[in-house]
């Protein structure tokens, strides 16, 4: 970049920046094609002393944004330049301004798992519950990284423990979905609702069961997660585990799933296991005494051209010889 201020800032030449500030003050407010000021470059490249000179000359520019709506604070956080971050906050930078893609400095610090940065942003008033892209909060981001230290800092600062995102997924559901045991245990201990569900009726137990996270399923059940809550599609956690072939999880769920609830389901876990040739699951279910002759509801049987109704028919139709046997 031929701009003398930018060149001096990137070199960290405080003397040159001071000289330019004294003789050509307006040059400090000249934007490049991306809407960046020398201030943004100083923050991005971690040049704290240059940053001080620039803000002394134009203190009102502290929250100026680039064309991507990035502030100097967000840029400093994204590059993990802690001295710049602290100085900007001390100079009155707003910690809650988000970029075009809805990243806030706090969200970015959580994404980088930078504990010190999270702490200083919160101490200067960053909003712990601010929504970012897709309705995620900083706690969603910390949990997605299985980082209980940052989760604790956020909750102590007032972060809500059950905030649903745009898809009504709470941090607990996210932890269960990904099998993040530290985060899952931590959130439960902090009082997260183990039976909270999404707009589709999906619970943390559904997600853990579907994705094969046996430890997560065991923990949720031990903490009174309801195995008899169905989704809007009428599926129980047992259905999810059976369909995906997780026979060990099926073993955990089958004893706590109500037979009456299963009888009222439009399809049984055995049907789903047979349809997907999950012979290991079929063996577990049959050993547990499920009804091998259970049929689909009449209305659902009619959805198939062959009017299939029994699990055996499903197994034959899918070509699962082991399952048929």
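Cβ from N, Cα, C; glycine included.
Residues or ranges marked as repeat 'ANK' by TrEMBL: 68-100, 101-133, 134-166, 167-199, 200-232, 233-265, 265-297.
For the repeat 'ANK' (101-133), the model's pLDDT averages out at 97. Beyond the ends of the repeat 'ANK' (167-199), by six or more residues, the same chain brings 134-135, 137, 139-140, 142-144, 146-148, 151-152, 155, 161, 205, 207-208, 211-213, 215-216, 219-220, 223-226, 229, 231 to within a C-beta distance below 8 angstroms of the stretch.
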